Amino acid sequence: MTVEPADRTGTPAAPEVFAVRGDVVVPDAVVPDAAVVVADDRIVWVGPLQDAVAAGLGDVVAAAAEPVPGTLVLPGLVDLHDHGGGGAGFPDATTREAVMTAVLEHRRHGTTTMLASLVTADADTLLERTALLADLADAGEIEGIHAEGPFLSPVRRGAHDPELLQTGDVALVRRLVEAGRGHLRTMTVAPDVDGVAGPGGVAAALVQAGVVPSLGHTDATTQVAEDFVREVVTGLAESAPDLRMTATHLFNAMRPLHHRDGGPVAACLAAAARGDLVVELVGDEVHLDPAVVRSVIRTVGADQVMLVTDAMAAAGMADGAYDLGPMAVSVQDGVARVTDPTHPEGGPIAGGTSHLLDVVRATVAAGVDLVDAVRCASWVPAGVLGLTDVGGLLAGRRADVVVTDADLVVQRVLRAGAEVV
Ligand SMILES: [Zn+2]
C-alpha cells in the first residue's frame, strides 16, 4: 500500500504544487523575478523564473499569478522574544484560545515561528503558564517558551515586578524545565544576581537542560559579563552545540555603555564580534535609535544580530490599558509604558507594539541592506535554536513564505504551505 497525503476529508490526494512569484529574498541575496515552488508543506524549488522550465516546473510557474513589480517574497519570520499581541499576552494567558489570539496576530503579519515570552511572576504562575504554552508547542503552534526572569537585577528590572524578582534558584529552573516538557528554550538571566553564574548556578542548570541562557536585565560590569559569556559559551559547546548564546534586548534594561564604565554592552559587542554571542535588538524605533540598530549590525555583522519585537498584548491593537503579567501598562501613540500616575510620561518602556515585519521595515529604513535585515529576523534566530527546517527560503525547508509589497507591507502569508488568514 502506498501512503499519499490526505486532504481534510481523508481522501488521498496528490500533493498540491504551486508557485509564489516576486523578487525572492534567499538567505544571502535577493533573486529578482523568481519563484518559490511549494508542494504540500515543503519548499521544493527556489530560483529565477528563467530556470523554472529547465527544472521541469514551467507549468507550475506559468500558473502562478503575475506579481506587481516590486513584490517581495520573504521567508516566514522568526521572533524569539514576543509576549503577545491582538489583545492577548502570554504572561496573562490562561486558555489555549488566548495564546492563539496572540500567536495568530503575529502569524498573520508574517511571523511563522515564535517563542512565547513570559515575564517575572511567582513560581506557581510561571509553572502554570509554562505548562499551557508547552501544550501549544506540542501542537506545533509555537516553537517554544522564553522565560524572561525571574532571576534579574532589581536595578535594571524594566517592566518586571520588583517584588517578584529573586536570586538564582536551580530547583525552580528544574521545575520549569519539567513543566515545559522540552519546550522551555531560552531564559533571560542576569549574571550579577546571586546564584545565576558559576558552578551550581542557574545558567549551568539551563545549559545542562539544553536551554539557552540569555544575558539581560543586568547591572553587570564588563568583567562580570565577559566571564559569564565565557562560562555559557563553553558550557553550550560541550553539552548543546546546536544552540547559541544570546543577549536579551541589547542596550535596553542593562547598565548603559559609558566610556569610563563599559558595563555589559561592551562585553556583548566584543563577544558578538568574535562570533560567541547573538544580540537581540528591538529595532522598533521606540526601544532604540534606528542609527544604533544600523551601527550594531555593521559592527558585529548580521549573523550576530537577531531582530525581535518584545511585543506585548497591545501589538496590532489601539492605544489603551493592558497587562504585562503582574504589571499594568498604558499604551499611548503605540508606546507601551508601565502605568505610573506619579510620572506624566509613565514608567519604563514595557515591551513593544510592533510585528516583526515592522521591525524589518524600520531596519531597512535605517539603512540596513534588505537581505541583512531579513536574515536578522529569520535565518539568525532560527540558528540560535539550531532550527534547520525554518528561517530561509531553501528547498527542503518548511514552506513558510511571506509576500509583501515593495514597502514590506504584508500581503500573503503561508505557513507549512497553508494560507494564513
Ligand atoms: Zn520582554
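Quick reminder: no glycine exception, Cβ is built from N, Cα and C everywhere.
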Identity of the substrate-site residue among A139, A147, A159, A171 (reference: N252, A253, R260, H287, I349, A350, G351, source: TrEMBL):
A159
Cα distance (Å, whole number) from H217 (Zn(2+) binding site) to R260 (substrate binding site):
20
Across all protein chains in the structure, which of the binding-site residues A253, I349 has the highest Cβ count within 10 Å?
A253
Does any of E148, H249, H287, D310 have a Cβ within less than 6 Å of an atom of ligand 1? These are the recorded positions; tell me which, or none.
E148, D310
Given a separation of at least six residues and a C-beta threshold under 8 Å, show me what packs close to E148 (Zn(2+) binding site) in the same chain.
H81, H83, S117, L118, V119, T120, H160, M187, T188, G216, H217, T248
